[in-house]
Amino acid sequence: MAQEEEKDAGISKYISTTDEIIIGCKCWVEKDGEQRLAEILSINNRRQPPKFYVHYEDFNKRLDEWILASRINIEREVTFPKPRDPDEKKKKKQKKSATPQATDGETLESADIMDLENLNVQGLRDEGISRDDEIKKLRTSGSMTQNPHEVSRVRNLSKIIMGKHEIEPWYFSPYPIELTDEDVVYIDDFSLQYFGSKKQYARYRQKCTLRHPPGNEIYRDDYVSFFEIDGRKQRTWCRNLCLLSKLFLDHKTLYYDVDPFLFYCMTQRDELGHHLVGYFSKEKESADGYNVACILTLPQYQRMGYGRLLIEFSYELSKKENKVGSPEKPLSDLGLLSYRAYWSDTLIKLLVENGTEITIDEISSMTSLTTTDILHTAKALNILRYYKGQHILYLNEDVLLRYEKLIAKKRRSIDPEKLIWKPPIFTASQLRFAW
């Protein structure tokens with residue numbers, strides 16, 4: 001048993017130089033003044049000095065980074081990956097054919113992930129689907145396609161400059177390989193075109209006349225504007241947007257498959273033009289009733305309330321369509337937190353201000369939230385009770401206190417009167433996306 005554990009853990013030994021380190025090694029790395037255990041995911045020897053791409057154990061993937069050898073502590077043991085057993089692949093194949101129904105979805109990792117679909121509400125069927133199983137059930141095109149390759153674990157751009165903002169990417173994005181050796185990649189604020197040198201970018205900027213997303217402006221107030229862009233009509237711009245967003249979204253998006261989507265881009269105006277703040281995409285025809293496919297606030301604008309405005313705007317569109325909607329699952333960790341906060345505040349505000357008896361279906365009709373999202377939110381707020389075969393909601397002191405704080409905050413919100421938009425109608429030929 002002890003030998004098995006040692007084999008699974010790998011082989012630990014001391015090394016004399018970092019030249020002995022290979023991909024898959026686990027070693028101690030200096031991070032923020034502390035020694036942290038990290039796994040080597042990639043090694044770049046194309047330039048000197050060599051760099052190592054590391055993932056810190058028990059830390060979010062977005063903190064992965066390229067480091068120099070000087071940060072690796074070779075005075076402590078390095079764990080090398082266990083040697084591959086040539087018969088292991090054969091055994092796995094035999095095991096797989098013997099048990100075709102077995103799945104590897106229910107892992108310890110998936111159990112730790114907060115998933116909306118696993119929230120049990122009394123009286124509702126709890127399917128108990130893990131995040132991995134849920135991903136397998138989703139369609140394999142559009143925004144939900146997973147990148148199974150090992151290369152997707154390695155962030156390929158070190159830094160981007162977008163307008164006046166310098167940003168460190170979080171994840172891999174399939175930009176052209178020639179950009180991956182550049183210390184900085186320049187991304188145009190308006191066209192989202194990318195460049196490997198400042199000179200190229202400056203020359204392009206002199207010629208480019210675009211000053212806003214290439215679509216129809218459907219909303220404007222004194223704070224933000226929204227543009228609607230058809231992925232089929234503006235393929236290059238939308239692909240550039242997806243490449244950019246993939247740097248900050250780990251779980252979905254296929255950059256070249258933009259035809260089936262409409263993109264709703266939120267911008268801020270100044271004397272130079274409309275600067276992209278965030279966006280959400282939406283399927284032209286969603287069989288599952290999703291009103292959002294991907295949603296992102298760019299990192300330089302996060303924690304300023306823009307994400308909430310994006311979510312609120314998506315529901316305003318659903319109200320105009322006379323539909324209920326929900327975001328495509330699984331949500332990212334930050335997306336899930338934002339949606340839960342929006343659903344909670346919307347439900348509390350409606351219940352307190354309505355003051356009369358109201359059904360869950362009526363709440364759904366007024367807010368465009370699905371009944372499932374309403375029930376899950378009510379359960380999380382601890383205001384849901386199952387009484388005589390039906391769900392009832394009641395307001396407790398915590399909810400009333402939260403309502404007072406909500407009103408005191410005076411958040412910016414979307415003004416429905418300023419939304420100039422009719423739900424687009426597409427013919428069968430327009431919904432064919434073979435190209």
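For all residues, glycine too, the Cβ spot is worked out from N, Cα and C.
Look at Swiss-Prot and you will find Glu328 tagged as active site, proton donor/acceptor. If you look up Swiss-Prot, you'll see Ala293, Cys294, Ile295, Leu296, Thr297, Gln302, Arg303, Met304, Gly305, Tyr306, Gly307, Arg308, Ser332 marked as acetyl-CoA binding site, on the strength of similarity to another entry. Summarising the annotation, Swiss-Prot assigns compositional bias 'Basic and acidic residues' to 78-89. As annotated by Swiss-Prot, domain 'Tudor-knot' applies to 22-73. Annotation comment: Swiss-Prot describes 152-423 as domain 'MYST-type HAT'. Feature annotation from Swiss-Prot assigns N6-acetyllysine to Lys252. Positions annotated as region 'Disordered' by Swiss-Prot: 78-108. The motif 'ESA1-RPD3 motif' annotation in Swiss-Prot covers 235-256. Residues or ranges marked as site 'Important for catalytic activity' by Swiss-Prot: Cys294. Taken from Swiss-Prot, the feature zinc finger applies to 185-210.
Feature map: annotations from Swiss-Prot on the structure.
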residue	record	contacts (Cβ under 8 Å, 6+ apart)
Ile295	acetyl-CoA binding site	Gly278, Tyr279, Phe280, Ser281, Gly307, Leu310, Ile311, Ser314, Pro327, Gly335
Thr297	acetyl-CoA binding site	Val277, Gly278, Tyr306, Gly307, Leu310
Arg303	acetyl-CoA binding site	none
Gly305	acetyl-CoA binding site	Arg411, Arg412
Ser332	acetyl-CoA binding site	Leu249, Asp250, His251
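Considering only the residues assigned to acetyl-CoA binding, Ala293, Cys294, Ile295, Leu296, Thr297, Gln302, Arg303, Met304, Gly305, Tyr306, Gly307, Arg308, Ser332, the longest pairwise Cα distance works out to 22 Å. Packing against the zinc finger (185-210) from elsewhere in the chain are residues 157, 159-163, 175, 178-179, 237, 240-241, 243-244, 272-276: each is 6 or more residues past its ends and has a CB under 8 Å from a CB in it. Model confidence over the domain 'MYST-type HAT' (152-423) stands at 92, taken as the mean pLDDT rounded to a whole number. Between the CA atoms of the residue listed as 'active site, proton donor/acceptor' and Ala293 (acetyl-CoA binding site) there is a gap of 5 Å, rounded to the nearest whole number. Residues in the zinc finger (185-210) partition by DSSP class (helix H, G, I; strand E, B; coil) as 10 helix, 5 strand, 11 coil.
A simple way to gauge crowding: the CB of Ala293 (acetyl-CoA binding site) has 21 other CB atoms within 10 angstroms, across all the protein chains here. Gly307 (acetyl-CoA binding site) carries a helical DSSP state (H, G or I).
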